[in-house]
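Report on one structure; see the data block that follows.
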Amino acid sequence: MKKYNFTQANVHSSFMTLTPAPKAILNSLCKEFLSVNVSAILYLMNYEKYGRSTASAQYFLQLAGYLGIPVIAWNADNSGLERRASQSSLQLQLAPSLEHQTAAMLSILERYKWHQFSIVTSQIAGHDDFIQAVRERITEMQDRFKFTILNAVLYTKASDLVTLVNSESRVMLLYCTREEAIHILNHARELKITGENYVWVAAQSVIATGTPPTQFPVGMLGVHFDTSSTSLVTEITTAIKVYAYGVEDFVNDPRNANLSLNTKLSCEGAGLGDSRWETGDRFYKYLRNVSVENDMGKPNVEFTADGVLKAAELKIMNLRPGNNKQMMVWEEIGVWKSWEGEGLDIKDIVWPGNSHTPPQGVPEKFHLKITFLEEPPYVQLAPPDPVTVKCNMNRGVLCRVAREQDVAEMDQFSAHRNSSFYQCCSGFCIDLLEKFAEELGFTYELVRVEDGKWGTFENGRWNGLVADLINRKTDMVMTSLMINSEREGVVDFTVPFMETGIAIAVAKRTGIISPTAFLEPFDTASWMLVGVVAIQAATFTIFLFEWLSPAGFDMKVTPAANHRFSLFRTYWLVWAVLFQAAVHVDSPRGFTSKFMTNMWAMFAVVFLAIYTANLAAFMITREEFHEFTGVDDSRLSKPYSHKPMFKFGTTPYSHTDSTIKRYFVEMHAYMRNFNRTSVQEGIAAVNSGELDAFIYDGTVLDYLVAQDEDCRLLTVGSWYAKTGYGLAFSRNSKYVQMFNKRLLDFRENGDLERLRRYWMTGTCKPGKQEHKTSDPLALEQFLSAFLLLMSGVLLAAILLFFEHIYFKYIRVKCAKTDQGGCCALLSLVSQSMGKSLTFRGAVFEAQDILRHHRCKDPICDTNLWKTRHELDLTRLRVLQLERSLDAHGIKPPARHINAPHAGVLMHHRDMTRNHVFTNEFGSRCYRPDEREVQEMETVL
C-alpha cells in the first residue's frame, strides 16, 4: 500500500506542473487514479506562480473531495486556494496556512508597538481570505494588543494607492504575487510612501524565491517558509507517515472490520463502480487525528478540525543590500513559532532608508497654527505664573493674545512675562486639542484672532476667524465656532463635537404671594364639583332621608313641636361639618340621615386633609420670570406688539446676531440698542435688571447659568436653529479627514462625554422645571373622596328601606314580647329606637335628666322651677282623682312614691296584667296601676 501511494504522489506532482485544462484534469483523475482504486492522494508541489497552476490545483482538490478521496497536501501556493473550497474537501495541509502567515505578520507589528496599519492586496486568489484572516487574528489578540486597520486597498491601478498618501498609516501589509508587487511598490515609491518612515510587510507570495526585484525598498519585511526541493522531499516523508498512521488506526479499529480501503470508483456511469467513496469521510477522520513525530524540539505533526497544521514555523525575512551593495537579498532575521508564547525571535534589522532604528509606525510630527477666540467654558484666559512664566496644570497651555508684529519687536522671555502678549488658555477645546496632539502627534501654536470676531459676512467680505482661514493665515480654528451654511460655503468643518442652538437667558425675580393662593390647591373643576355638587348633594340627601325616616319627619309636612330641623338647618350642619366649626347645630333624628351626616363628615376629613397638605406649596413667595417659548416668541420677534416692550440683546457679529438679522429683521433692528460686546456683559445686565433677556448660544448660556452664584439665572424656551460646534479648516485641507476620524473615536469611547461633564457642570443647576410651583390637583387625583360620598348615599338609601321595615313590622312585635327591655338593650338600629319600645325607658330617661341635671344660669333655674311646679299641680290633681274614685266606692291601690323627687318608681310595671274592670253602672272602666300613675307623674 505504501509503495502504491508513492507512485501516485509522483504521478500527481508531474501532472500538476503541466497546468492542464479542467477536462484534462478530470480525464487524468478518472483513468490514472480511480482505475487503480487509490484510497488517498499525496499532493506535494513547490510551484509559486499563483496563476493557472493554482486554479488547476484547486479544481483537482475539489474533484477529489467530490469523489470522497482524502488528500494529504503540501503546496507552496496553498494561500492562493479559497478557504471555502478547501474546507469543503477532504484535505490535510502540511504547509503553513494563510492564517499562520497573518499571525506572524501581526506578531511583527506587536513587537514594535505598531497599532495601526493598512492592507494592500491585488486580485490574487485568496485576497479576501487574507483580509478576513487578518481581522480574525486581530479579534483574537484584542485582549493583549489592540490593532486598527486604517485602510484596505485592492490594487487594480496606480491611483488606488492615493488613499495611503492621505492616510495616517505608516505600516502596510502586502499580499499579492511577486510580479504584482513590483508594480505596486514602484507606484508607491513614486507617491513617496516607501521612504524611511514607511514599513512594508510582505506575505510568502511576494517573497517567493530568486533574487528580489530592484523595485522592492530596502528594509522591507516578510514571512517565508522553505519551498526548495530539499524541503519538498522532507515533506514527502512526513506525508507518507501521516498516511501510514491513518491506515494503521483505521485497520486496528474493530468497528471497521467490514470496511475496506478499496475505493472501487468509476467515471463510466452506473454499474461499473460508485461515483463517491462512502468510506472516504470516515478514513479522513483517522488521517486527521494522527500524531506524527517531528524533528527535535518541534511539536508533533497534528491537524485542526479544518485539516490545517496546528504547529507551524515561519521565517522572518528582511530585505537588505548584498555584499556588492548593488544586489538586494532576503536575509533571515528571525523565526516565528506558533507554539511558543512569545512566538517571535528577531535579530538585527536593516530598517527602511538603511536606518538602524525602527520607524514609529505613525505619521511624523507636523506643526499647526491654530486660531481661537475665548468663550467660557470652551476657551478661557488666565495670566501665567508670574515667577515661572508658565501655565499651571489646571490653567492649560500658553497662547498668544497680541498681534504677531507686536510680539516680534520684543524678546521671547519678556513677551511671555507680559500678560497682554501671552496668557494661559484652558477649557473644553484646549483639553480636546491636547488629546488631538497626543493621538496625531503634532505641535501647535495658539493665537487669538486679531479683530476679535467670530466670522460673519459684512459689507461684502468675511471677518474674524473665518477670514483668517480664507486668507490662509491659520491652519485650523479651535473654539466654539458654530457651523452654518454660510461658513460651510467657504471653509471646511469637521463633524460636530458638541450640539448647540440659540437660547434665551432670563433672571428670576421675587414676587408676592398670590391673593388667590388659597384657591390654588384645587383646579376650577374640582372647586365647582365640591361647591355645586358635593355640598348640595349632601344637604338634600340628609334632609330627604330625615323627611322620609319614620324617626324623623315621617313624610309629614308639619313636624312635631319639639323637632327643630329644617333644610336651612341642614345647610348649617353641612357647612359646620365641612369646616369642622365648633358651633351649635341641630342634628337629625332619623338613623339614615344621621348615617348620611357621618358619611359627609368622612368626606370632609379627606377633603380637608388633601387641601391642607397641598396648601403649603402655594402659600409661598413666587419667583417670577419671563417665560419665553423661544426666539420666535411674538414678544421678542415682534417687540413693538407688547406693552411695555421687553429689553433684550445679544453680541454683535456672532452667529446668533447674523441668524436673527436674516430671519427676524424687525427684531434685529430693535435689539441693536441693547446689544452687549461680550456674553459676560449680557449676563451681568440680565442679573442687574438692565435687560429682560439675553440671547446667545445654548451651551454657553447653560454653563453661565450653572456658574451663577445666586442661582437667579435660568434658560427658557426651546433652542432655535440647532447646529453644532466644529473644528474649521481652510478649503480642501488634508487634515480634515484625520481630525474627523479622531473625533468619531473620541465620541465612541466616551472621551467627549467625559470632557463635557467636566467643563459644563456648575454649583447651580436650575433646571428649566425648577421654577414651577406645584400644579393644582385635578379632579381625578382625589376622586376617591367623591366615590366615598356617592357610596354613602347609596348605602343610606338601603338603610332607609330597613328602617321602614323595622318601624312597620319589627318594633310592634318587640314591644309586645319584650318583658325586660331586651330588645331595647340589643337594638342595633339606634338608641332612640330601643327606647321607643317601652314607656319605662322614656320615664327612666326623664328621671335621669332630673337627677343629674345641674343648671348653670338663672334662666335654666327658672324653667326647672316652673317644671317642678307643674309637677306638683299634677300630683294634686292625681290626689283629687283618687278621692273621687273613693267617693264612688272604688278603692285605689296603695301608692309608694318618693315625694321629694316624685319620679322614682319602686316597682316595675307589669305589662301582662289587665287593669280594666266593670263599675257599679255596668260600664267597663280603666283602673290605672300605681306604677302607671307614677310614670305619668314623672313624664309630666
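Glycine too: its Cβ is placed from the backbone N, Cα and C atoms.
Annotated in TrEMBL:
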BINDING   ARG487, THR656, ASP697  L-glutamate binding site
DISULFID  CYS711-CYS764  disulfide bond
DOMAIN    410-762  domain 'Ionotropic glutamate receptor C-terminal'
DOMAIN    413-471  domain 'Ionotropic glutamate receptor L-glutamate and glycine-binding'
SITE      LYS661  site 'Interaction with the cone snail toxin Con-ikot-ikot'
TRANSMEM  525-545  transmembrane segment
TRANSMEM  566-585  transmembrane segment
TRANSMEM  597-620  transmembrane segment
TRANSMEM  782-802  transmembrane segment
Point to revise | Residue from LYS661, CYS711, CYS764 whose C-alpha is spatially nearest that of ASP697 (L-glutamate binding site), among the recorded positions | key: LYS661
Review point. Hey, what's the Cβ neighbour count for ASP697 (L-glutamate binding site) at 10 Å?
Key: 26
Study note, to complete from the structure: The recorded positions listed are ARG487, CYS711, CYS764; by CA-CA distance, the one closest to LYS661 (site 'Interaction with the cone snail toxin Con-ikot-ikot') is ARG487
Check your understanding: Roughly how many angstrom lie between the C-alpha atoms of THR656 (L-glutamate binding site) and CYS711 (disulfide bond)?
Key -> 25
Check your understanding: How many other Cβ atoms are found within 10 Å of the Cβ atom of ARG487 (L-glutamate binding site), counting all protein chains shown?
Key -> 25
Review point. Listed L-glutamate-binding residues ARG487, THR656, ASP697 - what's their greatest C-alpha to C-alpha distance in Å?
Key: 17
Point to revise | Number of helical, extended and coil residues in the domain 'Ionotropic glutamate receptor L-glutamate and glycine-binding' (413-471), per DSSP | key: 25 helix, 16 strand, 18 coil
Review point. Near the L-glutamate site, what residues other than ARG487, THR656, ASP697 in the same chain have a C-beta no further than 8 Å from the centroid of the listed C-beta atoms?
Key: TRP454, LEU481, MET482, ASN484, THR500, ILE502, SER654, HIS655, SER658, THR659, THR723
Practice item. Do me a favour and check the Cα-Cα span between CYS711 (disulfide bond) and ARG487 (L-glutamate binding site); whole Å is fine. Key: 36
Review point. Can you tell me how far the Cα of CYS764 (disulfide bond) sits from the Cα of ARG487 (L-glutamate binding site), in Å?
Key: 35
Check your understanding: So what's the mean pLDDT when you look at the domain 'Ionotropic glutamate receptor C-terminal' (410-762)?
Key -> 85
